[in-house]
Structures are given as C-alpha cells and as structure tokens.
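According to TrEMBL, the protein carries these features:
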type: DOMAIN; residues: 41-287; note: domain 'G-protein coupled receptors family 1 profile'
type: TRANSMEM; residues: 25-47; note: transmembrane segment
type: TRANSMEM; residues: 59-78; note: transmembrane segment
type: TRANSMEM; residues: 98-118; note: transmembrane segment
type: TRANSMEM; residues: 139-158; note: transmembrane segment
type: TRANSMEM; residues: 205-225; note: transmembrane segment
type: TRANSMEM; residues: 237-258; note: transmembrane segment
type: TRANSMEM; residues: 270-289; note: transmembrane segment
Amino acid sequence: MAWGNFSRVTEFILLGLSDTRELQVLFFTIFFLAYTMVLLGNLLIIVAVRTDPKLSSPMYFLLCNLSFIDICCTSVTAPRMLVDLLSRRKAIVFEGCIAQLFFLHFAGSSEMFLLTVMAYDRYTAICKPLHYTAIMSRWACWVLVCSCWAGGFLHSITQTLLTIQLPFCGPNTIDSYFCDVQPVIRLACADTYVTQWLMASNSGLISLGCFLVLVSSYTLILASLRGRLIRGHWKALSTCGSHVLVVTLFFVPCIFIYLRPLCAFPFDKYICVIYTIFSPVMNPLIYTLRNREVKESMWRLWKCCRV
C-alpha cells in the first residue's frame with residue numbers, strides 16, 4: 001500500500017503531450033524558452049519594484065506579488081514537464097502526484113484571488129481617486145494579499161483531501177503532463193460522481209465567480225469613464241486593457257476545464273498549457289512593454305548593474 005490503507009498504486013504514468021520524439025524535442029525547446037521567460041521576466045519585475053521607490057504604489061505592490069505567484073505556479077508543472085519530455089518513462093510517485101496537485105491549486109487559486117484584488121485596485125484608483133490612498137493603504141494591501149494566499153490554501157487543501165480519501169487500486173495512467181484533480185480521481189476504484197461535482201463546485205465556481213467579478217469591475221470602470229476620457233484616463237484604460245488580456249488568458253481555460261466534472265476531451269491537456277505556461281509568460285511582457293514607469297525602472301536598474 002502506498003497511502004495508508006487506501007491505495008495500492010505506488011506511482012502514476014504521465015502520457016505527456018505527445019509520444020512522438022520529434023514533437024517532444026520541439027515542445028521541450030518551446031517550453032524551456034517559455035519557462036526561462038517566466039523566471040527572468042517576473043524576477044526582473046520583482047527586483048525593479050522592490051528597489052525603486054517610485055514603484056511604491058499599491059498597483060506595483062500587487063504586481064510584485066503577482067509575479068511571485070506566477071513563478072510559483074509555473075514551477076509546479078514546468079520543470080517536471082521538461083524532464084519528462086526527455087525521458088522515455090514518465091512516472092511520478094503517488095506522494096509526488098498529490099503534492100503537485102496541492103501546490104498547483106494553491107498557487108493557481110491564489111492568483112485568481114489576486115487578479116480579482118488587482119481589478120478592485122484599478123476600480124478604486126479610477127472611480128474613487130480621492131479615497132484611493134485611504135482605501136488601498138499599505139496595511140489594506142497586506143491584508144488583501146494574505147487573504148488571497150489563505151483562500152488559495154483553503155481551496156487547495158479541500159481538493160487534496162477529497163482526492164486522497166479515494167481508493168486507487170487499478171489503472172495508473174494519466175493522459176496529461178501533470179497531476180490534476182480531474183484526471184487523477186477518474187482513476188479511483190470507486191464511484192466518484194459526487195466527488196467530481198464537489199470539486200467542480202469548488203474549482204469551477206471559484207474560477208467563474210472571480211471572472212464575473214473581474215468583468216463587472218472593468219464594466220464599472222468603463223461606465224465611469226464614458227464621456228470624460230482625458231489623458232490620465234486613457235492611461236488608466238490602457239492599464240485595464242492589459243489586465244483584461246491576462247484575465248482572459250488565465251480564466252477562460254480554467255473555467256472550461258474545471259466547470260465540466262463528468263466529461264473530458266483529448267485536447268484538455270493542450271488547453272492546460274495556456275494557463276500553466278503561456279499566461280505567466282504574458283504577465284511580464286504586458287506589464288513591462290505597456291508600462292512606462294516599469295520600463296524606466298528597469299532601465300535605471302540596468303545602468304546601475306553596468307556601473
């Protein structure tokens with residue numbers, strides 16, 4: 001037995017994205033470059049925000065935390081996937097599979113909550129500018145960020161506990177490149193109908209709920225700016241547009257995957273690549289290429305490093 005008295009499975013076999021050697025090499029190259037961009041881009045944002053006093057506003061504090069979460073979220077799946085792409089046998093021990101599942105949902109759901117907080121920050125800055133400093137104080141920002149992590153932990157521990165209480169005694173092949181809740185519980189030697197609906201109500205509704213809150217926030221912002229688009233408001237709209245792009249890339253695939261408890265498609269694993277790899281890549285690109293203050297800070301940082 002591998003997990004108390006509940007399982008005889010000691011490891012799972014990950015089928016990955018493809019069994020064709022040429023495609024595996026191509027995927028390795030693409031995802032290695034993407035993971036490198038995630039690490040370097042987000043680390044650069046963190047260093048720039050932490051070292052530049054001009055980037056001390058709540059927006060940049062939240063952006064710094066988003067970059068950290070992106071690194072954590074991608075690092076849960078990407079290194080393992082890169083190793084497996086060069087391996088013939090893609091096996092992961094039961095305990096490692098459960099740990100990957102836990103940390104993926106921990107970081108992923110924390111990012112969902114943080115993106116929602118960032119939308120609230122933009123709404124407050126644009127629609128209530130006179131009260132912005134009081135509402136988004138440093139203490140309030142820390143409380144909001146800690147609440148995001150706490151909410152992510154509660155979500156993830158719920159998913160994990162629902163998974164490990166199931167008996168695993170039969171097939172151990174997962175048609176994906178990482179361990180996630182739905183493909184894992186489908187291998188359980190028990191009726192998982194209720195469990196799958198419980199998990200859908202957890203992951204799926206959290207994704208959908210956060211997405212609707214975000215859409216509502218940006219709708220209110222657009223409504224408040226209608227008819228008074230001066231220079232400062234155009235800048236605010238540009239920032240919101242960047243947030244909307246990140247939100248779309250991250251939430252739409254999550255909603256599609258986690259709000260369908262009883263059905264699976266062969267292309268699900270390719271959709272997962274969007275929010276586990278490519279969405280974290282977009283964050284540093286969007287927030288640096290479209291943000292003058294961040295670009296100027298990075299340029300000053302580069303000149304200091306050359307001296």
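Glycine too: its Cβ is placed from the backbone N, Cα and C atoms.
Whatever TrEMBL says is automated annotation, not expert-curated.
Owing to the predicted nature of the structure, the values given are computational and were not obtained by experimental measurement.
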Under 8 Å for C-beta pairs, could you tell me which stretch among 59-78, 98-118, 139-158, 205-225, 270-289 has the largest tally with the transmembrane segment (25-47)? 270-289
Based on Cβ pairs under 8 Å, which of the stretches 59-78, 139-158, 205-225, 270-289 lies most in contact with the transmembrane segment (98-118)? 139-158
The domain 'G-protein coupled receptors family 1 profile' (41-287): mean pLDDT? 85
With Cβ-Cβ distances below 8 Å as the criterion, list the same-chain residues six or more beyond the ends of the transmembrane segment (205-225) that contact it, or say none. 109, 112-113, 115-116, 119-120, 122-123, 126-127, 155, 233, 236-237, 240, 243-244, 247, 251-252, 254-255, 258-259
